[in-house]
Amino acid sequence: MSDPWSAQVPLPVAVERLLQNICTTQKQAPPGADVRQKLASLGEEAALGILREISGSIIRKSLGGFILYMIDKASSPQAQRLAPVSPLRTPSSPSRLMFSPPQGNLKGSPSSSLSSESAVSPKLAAWGELEFRKGFLILSYIGENQLDDIDDISADEIRSLKHLGMVDFEERVWKSLGQKYIDKEDRRMTLDWDAKKTHLYHCHVSLDGKYRFKGPYFHKTKTHLQRVLGDENVLAVKFAEEVANRRIFSRDYYSMYHKIAREGIRVGSHRYWFFVFKDGGKEEKKKNPTSSAVKCYFIRMESNSTIDQSQYILSRKTVNEARSVFMHAHGLSSVSSFMARFSLILSKTVKLEVDLAYVNIEVIEDVFCRDRDGNIVYDKDDKPRIHTDGTGFISEDLALLCPHNFYKGEQIRDENVEPLLIQFRLFNNGCAVKGTVLLNKKLPPRTIQVRRSMVKVWTDPNLSTIRTANSFEIVGTSNKPKRTFLSRYLIALLSYGGVQNEYFIDIVNNALRDAHGVFSDRRAALKVSVCHGDMDDFCATRMILSGIPLDESFLQHWLSVLMKEEQRSLRGGKLPVPESYYLMGTADPTGILESDEVCVILDNGQISGKVLVYRNPGLHFGDIHVLKATYVKALESFIGNAKYAIFFSCKGPRSLADEIAGGDFDGDMYWVSRNPELLESYKGSKPWTPTSSLQNVPNHNVLNKKPSDFSAEELEEELFELFLTTRFQPSYAKSVAADNWLALMDRLLILGEDYIEEKNHVKAKILQLIDIYYDALDAPKKGGQKVKVPKELKVELFPHYMERDNSCTSTSILGLIYDQVKSFQSEDPSVKEIWKLPCFDVEVPKACLNKWTEHYKQYRQEMANALRNGDEAKNEAAEEVIKKYKKILYGAAEFEESKRGMEEIFSEALAIYHITYDFANSRRSANYCGFAWKVAGPALLKYYAMRQGEKSIVCLPSVLREILN
């Protein structure tokens, strides 16, 4: 039976979608060709106007008859206006799909809607028969060209590639298309296409509206959005910006980008529409300082591909309805809040494999802050203060199903430690919940308890007909603390609180002494290599522990790299501090802890005594608290022997977490120190309380309209405008406030006791900057308030350690640390001759040398390609290349798993060693020696130990850290 929607009379995509929506909602048969012809003749806007009015009415007889009646009515002189779009809050009235098809032909952009095209070109028809990643690779390899505009490949040739494996497919497409149309560094050559990794598809949009595709790239982690829709239905879109003049950009180019958003982005026979964006902030910017931290995603809403005819979760849905599949965010207070909450679907997570229909999800009340008389305490905005902001409970059976040692969707170490706290996102029947859940052995099985403070989006019962994508998504778990470092902010606050300069300088000198000794002192080298073991998977550590001489060419080169990294960290105030830990925070479930007490659980259980507690990025003098770590026996009945967390009291007029830089328990990490020298000298200050916060000031620059106050089309315009503003006109209030705070704090630390008036003046400015900084942190969640730093709070000169052009010499502790590290002169051994270890100077079979000479040549090409990937995928791509050659050598993933003969492995490992070192010597760079140790390292070290007549000893990195630190 033919599809009634495939009638020969094409309609614009927006008209077609609204028509289908009316038929579905009011159970009407599709109108005939004559009615469609009349609708088409009206033009898009007039047709939409008529259908909007019909969508808000009850159809008594037939839809076709009603349309003809409305067309006749609209043609009369009296009919001057059409009904407005129905708002989202009236779900019975289907809303218009946001974007209408284009009126003109934009080069590099979709020229017509998919459903309105009377015929699909032969090439696109063939493209639609391909697996999506194959089709995308073709588009990626033709640059900004259109598939129909190039003569290098025909429809039959596209079909002939359909059954090739990905490695062969990529090679064929590169030779026929890629090498002609794109740069070599954009080639997507990989040998691990079949790995079950997330595929990332990118689209780069230029200023003139043209776009080109890049990818697919690979990533270990996945988001809820990708998990629900499928990787191929999510497109990461990067919009170019005019660097020379941002103001000109904002006026002249917004309309171009709005046009692309309205029309959608056509990818072969698919079309993608704007859906969500997220500002990754400072952390995202660190990954790639040259790109924007704001990530924008379009999703597929329609397709004419043959391969995509199966049921799709968003089939026949509007963009509004598609968002409701994830959460009912339209009831939030502002457009800014809408996107801040909706972007939770972009968190990197792993799904808890449990059917939520069989899980008892309870909403429980928060524990309120109370005064001495037992009365609830309210904030200045009349909201009750709470002690349990962001934290709930999970039953033991569900907690045990959660992955262990997780952080941002990835397992960080392979240790079977029962999670005590789980940071999560919960999407269930339209609601969205964010926070942590604490293991609670007292709960009945299959139970999750969330507090009201954790529910960011509530279910709209009016949208109960839309099936939602329900899931419990794990972001991270409470983990064993890594080595802990101070920061410039923390050093400044500790110094203000009375910690002497000598304490910090001693740390610096000890670290520099270790760094200086890496080339001659085995212990110093081991300490530095263990500290930075994540950079090389502890390769240098294994070499040192196996007895490899410190002046060995590659080891010396790598120790030089680590030494420079150590110096860079020290210059920036990243000082290692013993007996300090970063722990995830939660509220005391027993109610026993007093308002100045915490319970801290480390590797050996609960600790007792005074501790310092702080939370990044705290700037206030009172953001470091002196608290009493207390043993709570009753806690064991909740958590058993689970470890690694800090529990805060649920008593007092204000949450302790809130006093520490406005913290809560939705996953915040707290710095906890029981370092005796710090505890002895530090004197705390009164905690931060907002004094000039913008949260109570009317914001005349932001429209106080709820998302539900807009029509569907207006809401999409508002959301995309918000993206453009966030992307191209970002607020720098956070960084400006923080930089000026540090400069003024530096001045405050330098001023002596005789400068009382100036100190008070500087301190007053600092307090204002702190309020502005905390306001800027929360602005997106509080209606998108425009936060600015007044000119009178900005300094003219910055301390020299901030490395600005307009600087002055600082004699504060931060300046002294910087100068001390800068004065350290280190030897650069990189130009020394590359030599080989004598025990490896043995005859190697020629067949092994020939085999690995060819492999090493291929490796260099593949690694060069891998390192051309974007920052998201570069490291993973490089890892995959190394894994490939380890598998060739060992016949397994690792040396220990190999079933090959030991002599055979040794011969090939030695061949790799000699080939690599000869090449490195020819290039005068020990960096090239890395291939030998990254691939053949375990075999070489085993061989080396055998030649020394000794047996190796297994030692865990965590044990080494404990011994050395």
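Cβ atoms are placed via backbone N, Cα and C, with glycine included.
Because the structure is a prediction, the values reported are computed rather than measured.
Per TrEMBL, coiled coil is recorded for 849-876. Here TrEMBL flags 84-97 as compositional bias 'Low complexity'. Look at TrEMBL and you will find 10-75 tagged as domain 'RDRP3-5 N-terminal'. The domain 'RDRP helical' annotation in TrEMBL covers 124-193. The domain 'RDRP core' annotation in TrEMBL covers 211-821. Sequence annotations record features per position, and here TrEMBL assigns domain 'RDRP C-terminal head' to 867-956. Marked as region 'Disordered' by TrEMBL: 80-117.
A contact links the domain 'RDRP3-5 N-terminal' (10-75) to the domain 'RDRP core' (211-821), because at least 3 Cβ pairs that are 6 or more residues apart lie under 8 A. Confidence over the domain 'RDRP core' (211-821), given as mean pLDDT on the 0 to 100 scale, stands at 90. Across the domain 'RDRP C-terminal head' (867-956), the DSSP tally of helix, strand and coil residues reads 68 helix, 0 strand, 22 coil. Residue counts of the domain 'RDRP helical' (124-193) by helix, strand and coil are 41 helix, 0 strand, 29 coil (DSSP-based).
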